[in-house]
Amino acid sequence: MPVKSYKKYVSLFGFVAPAFVLYAVFLLIPTIGGMYYSFTDWNGLNRSYEFIGFGNFAEALSEDPDFIGSLWFTLKYVLFMIVLQNVFALALAVFIESRRRSKGFFRTVFFMPNMISTIISAFMWTFVFAQVLPQLAEKTAIAFLDQAWIGDPNVSFYSILIVSLWNGVGYMMIIYLAGLQGVPQSLKEAALIDGATPLQTFRNVTLPMITHAITICFFLTLNGAFKVFEVVYGLTGGGPGRSTQVITMNIYEEAFSNNFRYGYASAKSVILFVIILIFTFIQIRVMKKREVEA
Amino acid sequence: MKPSKTTSLLITVMLSIGAAVSFFPIYLAVINSFKTQGEMFRSFVALPTEIHFGNYADAFEKINLLGSTLNSVIISVLGIGGIVLCAALAGYKLSRTHGKLSNLIFFLFVASMLVPFHSIMIPLTRMAKSLSVQGSTYGLAIIYIGLGVNMAIFLYHGFVKSIPRELEEAAQIDGCNEFQTFFRIIFPLLVPITVTIAILDFLWIWNDFLLPLLMLTDSSDFTLILSTNTLFGEYNKDWSLILASLVLTAIPVIVIYSFFQKFIMHGIAEGAVKG
Amino acid sequence: MKKIWKGLLVTALTASMLAGCGNAGSQPGNAEGEGGAPGAAKSVKLKMFIAQPRLKEHYDKYIADFVAKEKAEKNIDVSVQLEMPTADNAAQILKTRLASNDAPDIFALHAINEIPSYYKAGYLEDLSDQPFVGKLLDSVKPSVTTTDGKVVAVPLETLSWGYLYNKTIFADLGMTPPTTITEMKAVIEKLKANHITPFVLSYKEAWIPQLVLPLAAGALINTENADFIERMNKDEGSFTEMKAMFDIFDLINANGTEKATEVGGDDGAAAFAAGKGAMWLQGPWYAETILKSNPEMDFGVAPLPINDNPEATLINLSASTSLAVSKSSGNKEVALDFINYVLDDQASGGFFQALKFNPISTVHTYDSYPWVNDATVFVKEGKSYQDPAIPQSVKDEVGKGLQAYYAGQMSQDDVLQALDKAWKSFNKVNK
């Protein structure tokens, strides 16, 4: 037994080491480094700093209304994104899957926004919201288009969603398409022959077969939405005031544009990390149970 | 599934409307890149009265198009190659090995996907500096491997589950060692997910902004996105120029995507048959 | 046994991976040419960090001249690596470089906002003994001098500003820039009577509404509240003393263009250049953008009245982009040569003129722009003050606060309280 398990370890390390070493050097160790700073009062500029235990964490959670505000705003955003992004992506994937000749065309068109860098698409949409839509409203007299799309905090939440969805749905759609292609045509046909409606077939045959894709997409959306930065940064800059500030922007502001309290900012990002960890853990737990191992 | 004619028509109409909305900003970018600044502000949505290539000529020069493209290509190719190779090995093995250690390592990889980039930025820059991989396109590619393997491992790990173990057992009986088995039998079966991973990583690396911004110092090493960003002036945004360089930046991506598209179809069909 | 093998394997793999990294990474050669062979020309690699990509060609040219001069006079082969990120990302990159012990030999920073904290953290070389110091104008010197009297940077960009006004509109209506807030109201009424929107508003970027604070605070500090900054630094003052800034801010907002939080600085410049408003709360650093949008535009700089005391209507004098030398630089001799070359007796005038910066030194004898001359008239009459040393974090806070105030989300008292809090936490962090 010892010989066998020793061999097992050698082979495990042979396969895993290349990835693990690079991962450790560029991700794991820096992450631990960041966590280490979260217990200090380092301001990112001074050479000396002190350990202050959980002081940063206590301050972030009890004395920092801006941080808490950004936390709630982010949660709201995450919720909307999880629902909308997956509904749109799955619907598109199902619809596109049912096309024959136009399949490739639609797939490309909906995936295209994903090929543009987020930061540049945010700037592009700023241009659309601030210049093009008001001009369109003027010319076409569709009053609805003439909103303060990015200047009014009530409207700009939805503008941020629009851009995020525009940018992100294609990515999820590709994963769903791959999942749908894994569903054997014979199963669907069998269900239809048995007299199931297309909707029933979808619910009872297709959905269970693509739960793995759903798990992945939920995971990616959840994780991406919690870490959203560039879209908000490019579109509203978190403003007006801090009304559209997400957590990552709050952290960024703390680390680079305020008092450069890097230790404090690190503590906030540890909090963010823990929140994402908890949410993901729950999500994976719940969904893995439903997943059918193929 | 054969939907009725009306349903089918409805779906086509809905998809077309969606496609139009989705394409609208890109349409704006393309048409306005052919206008002068003045014409652009008169009407954003109208087609250009005459095709004006001046913006492209300017953008070509200002963002050092050839050099920047080459840098982006080098970084993407090396980064993706490294990610695919390292992650396929690790993801396969972790998926096949059941045990505390294997689970722990897999958990570490997956958990790290949740780490916000801003929290590792300064420690990562220090690390890159002390290993002297900073300030070089090759060094940046290596960092991408380190940052990118986690998601790729996650995807490979899930995909490998769908490959029957009998294949490996048969290969081992034929006298292949583990690595040979992997490269001859398993890796070819991973092509569908590899293509997906390569595309996703390509989009990530090609369009990434903050990491290259921190790692590359010399403007001759800049990626396309970094070079484009230099057009966003401090007090001035020349939109027609920016849109032109945006189109130039996106062309390689679209070309590569349309090239890869056949691979996706082929790979996924293949994988579906074997799985 | 098992563990040892495991350890060896990991070490071997790690070593091979890292060796790979090393080879790949050493290509640009950070280590090269520090010493140079004896006898041959010494070669030095100088790293510079200046976040003004729009001016790259001028800097490149000046640096090339410097390299030639250094070769001719000292037989040193200088190669300069100039890093030029955009202004948005500059502070972030510079801080990351400094924090990872990768300081550029020469770097640009903001005189008022950044010098104090970078100096305190020990990154700036004392330049007080350098020849260039003697050439600085007296009005400029204070902004690059630390509280303990050391000159730590050479200023490049200096500003004299208040707000911008459309001279054509003012001349057509026979008006001159108002000197009190009551006169300002009269100007606004007259503009409105002629169907001209008085103010262009552009508050999308938080730093623009922020401008009202240095103007209002500067004016009050120079008339009735001289020790405000000192008291705030000791946690003894409060922003309620500055509540007057809302008088002018409200007046501007009530008479401005629509949808201000949608309009960025560049859009504002286009609107102002197109005559969509007669005045704009903005400094002359937008001159180039305005003229690009409308080359015929005739505009001036005037001091913003904040109350009915004409003595409080003053021009703000400050320096922004300045060049400092890193304390940890390995090439100090050459770095100092360059810093002095910035104010070189022959070359400097042409350089500053090409950059469109104001004269800052006795060696600068070129003609400046009309809007600069406008402001200089006030400065010569003594109607100016040095930009008050408000911490950057408080300025950031005021920008966000005033945006939220404009959007109706915060009251005046909320904003003032947030500012007090920001200054207190600045004091706490910078004890």
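These residue numbers are counts, starting from 1, taken along the chain as shown.
Positions of Cβ are set from backbone N, Cα and C atoms, glycine also.
Quantities reported herein were computed from a predicted structural model and do not represent experimental measurements.
Database features (TrEMBL):
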TRANSMEM  B:7-30  transmembrane segment
DOMAIN    B:69-260  domain 'ABC transmembrane type-1'
TRANSMEM  B:73-92  transmembrane segment
TRANSMEM  B:104-125  transmembrane segment
TRANSMEM  B:137-160  transmembrane segment
TRANSMEM  B:181-206  transmembrane segment
TRANSMEM  B:239-260  transmembrane segment
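Outside the transmembrane segment (B:73-92), and at least 6 residues removed from its termini, the chain residues within Cβ reach (under 8 Å) are 109, 137-138, 140-142, 144-145, 148-149, 152-157, 159-160, 182, 186-187, 190, 194, 197-198, 201-202, 205-206, 212, 223, 252. Stretch with the largest number of CB pairs closer than 8 A to the transmembrane segment (B:239-260), among B:7-30, B:104-125, B:137-160, B:181-206: B:181-206.
The stretch in closest packing with the transmembrane segment (B:137-160), judged by the count of Cβ pairs under 8 Å and taken from B:7-30, B:104-125, B:181-206, is B:181-206. Tertiary neighbourhood of the transmembrane segment (B:104-125): same-chain residues 90, 94, 134, 143, 149-151, 153-154, 157, 210-211, 214-215, selected by CB-CB distance under 8 Å and a gap of 6+ residues from either end.
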